Amino acid sequence: MLQIGPYTFQSRLLLGTGKYPNIDIQKEAVEASGAEILTFAVRRMNIFAPDQPNFLEKIDVTKYKLLPNTAGAKTAEEAVRIARLAKASGLCDMVKVEVIGCDQTLLPDPVETLKATEMLLEEGFIVLPYTSDDVVLAKRLQQLGCHAIMPGASPIGSGQGIINPLNIQFIIEQATVPVIIDAGIGGPADAALAMELGADGVLLNTAVASAKDPVKMAKAMKLAIEAGRLGYEAGRIPKKKYATASSPSEGMSIV
């Protein structure tokens, strides 16, 4: 099970709700994924306008934990304002802190992310900061008291998978809170690898929403994450330079 703050979840897949071809496919993909946490950009959704159609109208919100993100924020102050707006809707008490420092790479601003995380923790939010694969930054965020850390596998929407698995492993090894791999996942193999490395969960959006068949991809990601976690718990064999026979040679007759 995945434990974030006071909440417990069966699924280790967190699903984004943007970029889908239409709301019906979005709903089907959400159901196929088995995800219990759904994330959305507050700036792209008018949560105070019931007359505007959005995915919240199509799903049973009591079945999911909503995770608003502060996408679009460039400063800590902007991120805090967006988080407060989401909380005021009454739908959410968790927030994914996302403060972008570079428009081309969409990599997070480490200084502003730290500031926003500290400010929101002081206000009582359950905070999940999106960060790079910087091991020291991940440690600093945990020292502030965040409830999970979300290092990116590679740039948002790039589909490049885990570019630096060593840093991800370092982050996981020293983690005192759940590590959820966020951004850059392109296919099921990437998601499975994240879990095999020991991640507690994976957040996906583009890999599912922009797939040729989002519903099938959502199911594939669900299975990949489950398989990766099982593999991690089972313990893979070590890599070796030379072969090791799997069949015993003792007792074999020599002709």
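For all residues, glycine too, the Cβ spot is worked out from N, Cα and C.
According to Swiss-Prot, the feature active site, schiff-base intermediate with DXP maps to Lys96. In this structure, Lys96 (active site, schiff-base intermediate with DXP) is part of a beta strand by DSSP.
The Cβ of Asn205 (1-deoxy-D-xylulose 5-phosphate binding site) lies under 8 Å from the Cβ of Leu15, Gly16, Thr17, Gly18, Lys19, Thr39, Gly157, each on the same chain and at least six residues away in sequence. Mapped onto three states, the DSSP output places Asn205 (1-deoxy-D-xylulose 5-phosphate binding site) in coil. Among the features that Swiss-Prot reports, 1-deoxy-D-xylulose 5-phosphate binding site is placed at Gly157, Ala183, Gly184, Asn205, Thr206.
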Entry from the binding-site residues list Gly157, Gly184 having the most other CB atoms no farther than 10 A:
Gly184
